[in-house]
Amino acid sequence: AQDSCAHQCGELLASCSCQATCQSLGTCCPDYKEFCLQISPYSGSLMGGKDFLINNTAVNASSRVKCRFKQQIITSGYVAKDGKAHCISPLLYETGFIPLEVSTDSGTTFPYSGTWLSVHHSKVSDEEKCTLVNETKWQYYGTPNTGGNLSLTWTHQTLEATHVNIEVWGYHETGDSYSENWMAEWKYLYTLARKIPNTGKYSFIPVPAKGNYGTWDFGILRIIPSNSSDGESNILSIWSSEHALAWHLEQDFRNDSNAWATAKCIEWDRKEELLPNFKEEIIDCPCTLAQARADTGRFHTDYGCDIEKGSVCTYHPGAVHCVRAIQASPQYGAGQQCCYDSTGTQILTHDSTGGSTPDRGHDWGSPPFLRPPRIPGFSHWLYDVISFYYCCLWSDNCPFYMKRRPSSDCRTYRPPRAASAFGDPHFLTFDGLNFTFNGLGEYTLVESDLTSLRVQGRTQQAHFPNGTGAQGTGLSAVAMQENNSDVIEVRYSEDLNLEVLLNQRVLSFSEQSWMDLKGLFLYSTPDQNITVMFSSGSGVEIRRSGGFLTLTILLPEKFMNHTQGLFGVMNGNPEDDYTFKNKTIMSVHASPQQVFEFGATWAIENGTSLFTYDTEFLLNSFFYGEKHNASFLPVFSPYEDPADPLVEEMVSLCDSDPFCRFDVLTTRSLQVGKSTRLSHQNHKLLVEHLEPDMSLFLVISCGWLDHPTNGRKNGTNYLLGSTINFTCNHGYELTGSQERTCQVSGAWSGDTPYC
């Protein structure tokens, strides 16, 4: 039919729309809700087996429901007693939004469509998994002093069956490393327990697995209804967390776990010797904890060691916080990890087992996923975690592991540059120029020819309860894209909530706060601070602040001389930040009126706009209206009237902050002034953390120093100004330098000491 959304979701038809924006615009085709699927829950583990409901789709008791993912993987759905259709998610070797189609005629046609969000196995809630009670015991079972029985628990309501089977699955990768035939596979091994009552609890005394199953050392448990076939794929199920299968390993492991693990560790070490060196292409670590936490475009908290959650750092004794590089390395898909002690100094494996270790497989996997070494979570387990069990946890051979996974220091690390906009919009450019631009419209904040990065901002007039407040504007929406990535827009909705749109569709963070999207990662904190991390390493942070948005953009050094827009040309020189589109430059001493004219030239056009116009108001004001509203004239320099009762309060609130004073006077709101002052302070702090010594623009590291043979060293700080002292053991004499200091040149003073 001409005006039907069957097979047409996301399309604009001649007489009506099947696009997500049609609901707020009132332009939907009559059957939009039936064919363009709304599902709940909308996300689940990439391991699959999760039941989700399909809302609004017409089915009857005789409908045969089939669900097709990525046009190729088909799972059987069903119609529940209440007449609603359900699907079961499949095992996928990737994360992110997966195209979903539904058939009600047993797979002849698939007219209904939507998306399913596949997430990293460690990011699903504990309720969805079965719990290995005392997981450490499972993973050390058979080593000295670890035995007895093991138990697991699960939410029995998830499976409607009266009896269940518990299966053991193993993960392996076949073929030659880094070749075309390298493949990943989860494989059903055997059934651990059959037809046990579905009570949500099971205990047993493990025995070594039969046959060669006892050689599979990394895997997972699956609970399924007992009327299913063994290893049947893509059926309703509950998975455990992935873990080291110590508890089922062969008898040789139980007889002498240290010898068994030592042999495995040495075998791993030999294999590593033949593999390419991934360490040369991973990003170096930030030098300080402050830098690591500020560089949010490229590094994110490692949940295994988080200062916000009390620094429980099991694998990194002595550390208070670790971060992981967000992007996997280009060729090998490798990951970086960086750990810091309580003084904010990086901990290196050369000095301590608490040091950070880089990863041959990035824990989060990396696009295009599907094949090693890019499988989320599991490739990493195989190369970097199970080997840690062999060498460090099940035997005393940790030096083997640390030799292959030494910490990277920070010698080549360069902090990103930051630019911010906030309040009644005040702009602080990458090079440190600051100005106020109060235009009303949609503008290019930054664009770069390096990666086709575009960040656009929309301003709207401020309306505050105690006055019209129409003399100023503020950021109300920011939209962004890099190369051909997904488009993200963050905006205030009409009821002043923060909304995040992915390709024009409003996203829900009710189930997942982290999303792997096309060309970017997206993260939302509980209080709705939004971070977008593009694959180039550029980061955009947006938070709400006093009725406006506060925006910070972080760009790595490679963007030097490759930016234009309201945030200027990033090159370390503020003098050319007022560069027009036609490349002419205006003096930094321009008047507020001239700055206003400069800003107006950066208005965008409908053809290049990334914004979503899904209400009458947005269409009339910004799509059909002017991109820069020339009839709106702001207050350029608000007058401080000594008789104004607000001025006294303003002075005590703002002190000497000019932006804070400006905003109180133009909006007549102390709350806005307070938010502006905070945003301004946050920006200064961010720049200070990223570039502790502005004159040098970077933290200097001279690199690790070893102790002399037959001697000792004191100190593990290798940054500018640090001194390391050396002493010899009893009966030895020192030649060379007794102390060496890290110099501005990045070299140590003095000579190598010998005993």
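Note that Cβ sites are derived from N, Cα and C of the backbone, with glycine treated the same way.
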(request) Quick one: which of Cys702, Cys728 does TrEMBL link to Cys755 by a disulfide? (result) Cys728
(message) Summarise the domain 'AMOP' (257-405) as counts of helix, strand and coil residues per DSSP.
(response) 54 helix, 17 strand, 78 coil
(message) Return the count of C-beta atoms lying within 10 angstroms of the C-beta of Cys755 (disulfide bond), excluding that atom itself.
(response) 18
(request) Summarise the domain 'SMB' (1-40) by DSSP state, stating how many residues are helix, strand and coil. (result) 8 helix, 7 strand, 25 coil
